[in-house]
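Student: Have a look at the structure that comes next, please.
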């Protein structure tokens, strides 16, 4: 995970001090890219322990097309609680856009099913893309996330905005464009989530995993995460673990939490840090 640590160090040393929506303040860079060869291990940060259960359940929740946090809460995942309404609604966030993008004529497009079929039938297509950036349903920046959700808009604008698959030599790669990235808390989750999605899609399309490429717009370190970042950078990373998927699963939507086994994950202790709301 050296590319991730190098990015955090670069933010500490060269980041531009900026204000932000939350009022916390950040050190920010614009335009950065990391690449992880998924054949060399699963890119899960080892310089602090991550809650893999949350990462897996959130991804499965996205793939279900759900936008209510009930499934997450039922499985002990609280990462979306701060932005949901009293009824657990978040508005048309990732799952809705991935699985049921609304069209002007009242239909809905299942982008995930569509892209899996395209990978199988047209692997050389340059349109193997899934987007969560639906301009018509973005939140009003003048009101709170909960009020946006109550009004039928997204509680939060998508941070991981769109992703593209690429097939070459029997290997499936994925590139994510992330417009906004919280490097200390969010990015380790995002890396693992999209790496896992790539493994899953590769399995159901009979391909080998290739690279996960992570491209950033505004990548930032919040001012109240600086000391935590320094502590993390003082630690020596461990070798990457391996992720095993149940080989019996043939449909992307049939994966369950029990179908994932992480082998050899050795990590330094968790580092607490506040979430910028």
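Just so you know, glycine gets a Cβ as well, placed from its N, Cα and C.
Note that this is a predicted model, so its numbers are computed, not measured.
Taken from Swiss-Prot, the feature active site, nucleophile applies to 159. As annotated by Swiss-Prot, dUMP binding site applies to 21, 126, 127, 179, 180, 181, 182, 190, 220, 221, 222, with the evidence given as sequence analysis. Residues annotated as (6R)-5,10-methylene-5,6,7,8-tetrahydrofolate binding site in Swiss-Prot: 51, 182, 276.
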Student: Using the alpha carbons only, what distance in Å do you get between residue 180 (dUMP binding site) and residue 276 ((6R)-5,10-methylene-5,6,7,8-tetrahydrofolate binding site) once rounded?
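Tutor: A Cα-Cα distance of 13 Å.
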Student: At a 10 Å cut-off from the C-beta of residue 222 (dUMP binding site), count the other C-beta atoms across all protein chains.
Tutor: 23
Student: Cα-Cα separation of residue 127 (dUMP binding site) and residue 276 ((6R)-5,10-methylene-5,6,7,8-tetrahydrofolate binding site), in Å?
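Tutor: Residue 276 ((6R)-5,10-methylene-5,6,7,8-tetrahydrofolate binding site) has its Cα 35 Å from the Cα of residue 127 (dUMP binding site).
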Student: Counting distance between Cα atoms, which of the recorded positions 159, 182, 220, 222 is nearest residue 51 ((6R)-5,10-methylene-5,6,7,8-tetrahydrofolate binding site)?
Tutor: 182
Student: Of the residues named as (6R)-5,10-methylene-5,6,7,8-tetrahydrofolate binders, 51, 182, 276, how far apart in Å are the Cα atoms of the most distant pair?
Tutor: 19
Student: Please work out the number of neighbouring Cβ atoms within 10 Å of the Cβ of residue 127 (dUMP binding site), leaving out its own Cβ.
Tutor: 10
Student: For residue 51 ((6R)-5,10-methylene-5,6,7,8-tetrahydrofolate binding site), list the number of other Cβ atoms lying within 10 Å of its Cβ atom.
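Tutor: The Cβ of residue 51 ((6R)-5,10-methylene-5,6,7,8-tetrahydrofolate binding site) has 14 Cβ neighbours within 10 Å.
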Student: For the binding-site residues listed here, 21, 220, which shows the highest count of neighbouring CB atoms within 10 A?
Tutor: 220
Student: Using Cβ-Cβ distances, find the residues under 8 Å from the residue listed as 'active site, nucleophile' that belong to the same chain and are at least 6 apart in sequence, listing them in sequence order.
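Tutor: Sequence-distant Cβ neighbours: 178, 179, 180, 181, 182, 186, 190.
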